Amino acid sequence: MLVQLARATLRVRWRCFSTSSRWQAPKPVAMEDFTSDLIRNFSIIAHIDHGKSTLADRLLELTGTIKKKEVGKNEQVLDKLKVERERGITVKAQTASMVHPVNGKNHILNLIDTPGHVDFSWEVSRSLAACQGALLLVDASQGVQAQTISVFHIAQERGLKIIPVLNKIDLPASQPERIAAQMQSTFGTDPSEILQISAKTGAGVDKVLQAIIERIPPPSGSTTDPLKAFLFDSFYDRYRGVISLVAVQNGILKKGDRIASYHTRKKYEVTEVGIMHPEETPATSLYPGQVGYIACNMKESSEAHIGDTLHRAGVSVDPMPGFKPAKAMVYAGIFPVDSADFPKLEESIKRLVLTDRSVTLQRESSTALGQGVRLGFLGTLHMDVFRQRLEDEHDANIIVTAPTVPYKVVYRDKEVFVSNPTEFPDAVEAASKVKEIQEPVVRASIIMPEEYFGEMMDLCFSHRGEELEHRYLDAGTASSARIMLNCILPLSEIVTDFFDQLKSRSSGFASFDYEEAGYRASDLAKMVFLLNGKPVDALALVIHRSKEDEIGRVWVKKLVKVIPRQQFEVPIQAAVGKKIIARETLKAYRADVTGGLYGGHVERKMKQLELQKEGKRRMKRMGTVEMPQEAFFEIMSTNKKA
Ligand SMILES: Nc1nc2c(ncn2[C@@H]2O[C@H](COP(=O)(O)OP(=O)(O)OP(=O)(O)O)[C@@H](O)[C@H]2O)c(=O)[nH]1
């Protein structure tokens, strides 16, 4: 079987999100040998950078699934997006099956890789739904961090068997005994169950394989019960349409089966089944407990509903519990720098959304920026990653507006969610019709060494934190004890610079995580910016009244720097309702680009005039003021630092 799997692997291509070449099906792998007692489905869960992808690679190597990498090459097998390699973070959960013999019997181990950033906890949760166990990986030099705690709780809620693993024991700064004690006090872990490894050198990794087989229960399921498969992920292949990743619960799933979606009630014929090895490797069939992929002529990604139950057409089954859909927490408008590029941009965005189902989209138009798309993301990192993918993979030249959270406007007779500042009620409307405005808040937890406690309290207060409380995670020595600080923070306060400040004010030692905590009434208002007395829609912001002076001043200063001088003086003002909060004046200037050119420099002169003409084409008229699209780009990209 091992040989057969390895051969099949050699003949298949890499699964790739951006490009897809013609594909030739190798001989299918027979899966009937892998009865459910020989299957283990597991995930690796950890705080960001604690070594999940490195350990995944070592496990794939140790089981002979991939070849051992050349020393010095640092690319990880399961992190495949360019942005993942560049930023060293996992964005999209991936699956890989490996085969490992124990007592002369081949076992199949299905690893589902999970992302490690707080923005992607939805991906973590859905990956775990297909598992019976999880390796909880903790960096032995850093100890328990904010996301270690949140992923532990997700895994525990799902009833998974958790295997505690201390990683990076090769580092001189590692303190395995101390961190083991910390895990015991935080999670109630029995220190004798903790494995100590170095994913980098490979030390102790064989023990991990053994523990997966010994400690994680095999999936249950019956071959004779009606077919029931859980759909936990999907991606798009331009030749075969939507490919769904499934965990078979009962029955046997094979090519030619007529299946139906419980969610959409649509029927399909299965054209291919297989396992991720980690590339797609066709198989004859998938048996209960097995995790693999299917192709069934689904044309639209929206047909593959994450959390759906697939069953045999005409044979009904009780559905799986399913998932809460991903909820957008941060919204931003994306516009092309050159308005003529909109159709191409819209197409690129749609294609990218096919690979990232948690992004929501809606068309929007702005007088200042023209046609664009308003997108909803799980968080700001998610937004940044999407932007980078749009630029890297689709060569897009874009302007991204300031991020906004979804506010709740409570009128006397209805509640409306507003995720675009231009739609936020102005002062007049607010005074006459609106009962209350609410903003989303989160329950934040920050873990830090004791010496940064004061700084972190300060950070929370300056971001409107409430209900602060703290506790010690371990007793440690006076200088190295760790504290967990919890508080309620408005989501809008963490979508700008909170994370950067947390890192810089704690010299990188604090970690942060949050979960939604509903909505709270808040004193919010719309701030508009006026150029020569006329408001510019794309620049509107929703702000907390306690910060209106500070934000108004920063923004007008920024605007005066990036807007080119006009032939007349231009007042730049920040206003809330009728009240002007801040003002700068842009001095008049006569643009004579050829002024400095004399005599025979005709060619140069013509070129300058051409350039000016080109510039004019891209100018936007804001009332009486001309503003190049690039100025918006400048403002928006300096936005994060505001
Ligand atoms: N010294 C040492 N470094 C390690 C070890 N394991 C991982 N690293 C390094 O730690 C960094 C993070 O490792 P990754 O495997 O990318 O971490 P990750 O948890 O997958 O990160 P995300 O997927 O972004 O959450 C990389 O620079 C690795 O080379 C280890 O055992 N020892």
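A Cβ is built for glycine as well, from the same backbone N, Cα and C atoms used for every other residue.
Taken from TrEMBL as is:
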- 37-220: domain 'Tr-type G' (DOMAIN)
- 46-53, 113-117, 167-170: GTP binding site (BINDING)
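Checked against ligand 1, the binding-site residues ALA46, LYS52, ILE169 give ALA46, LYS52 in sequence order as having a Cβ less than 6 Å away from one of its atoms. Look at the Cβ of each of the binding-site residues ALA46, ILE169 and count the other Cβ atoms within 10 Å; the largest number goes with ALA46. Look at ASP49 (GTP binding site): DSSP puts it in coil. If you count neighbouring Cβ atoms within 10 Å for each of the binding-site residues ASP49, LYS52, the highest count belongs to LYS52. Note on the domain 'Tr-type G' (37-220): mean pLDDT across this stretch is 83.
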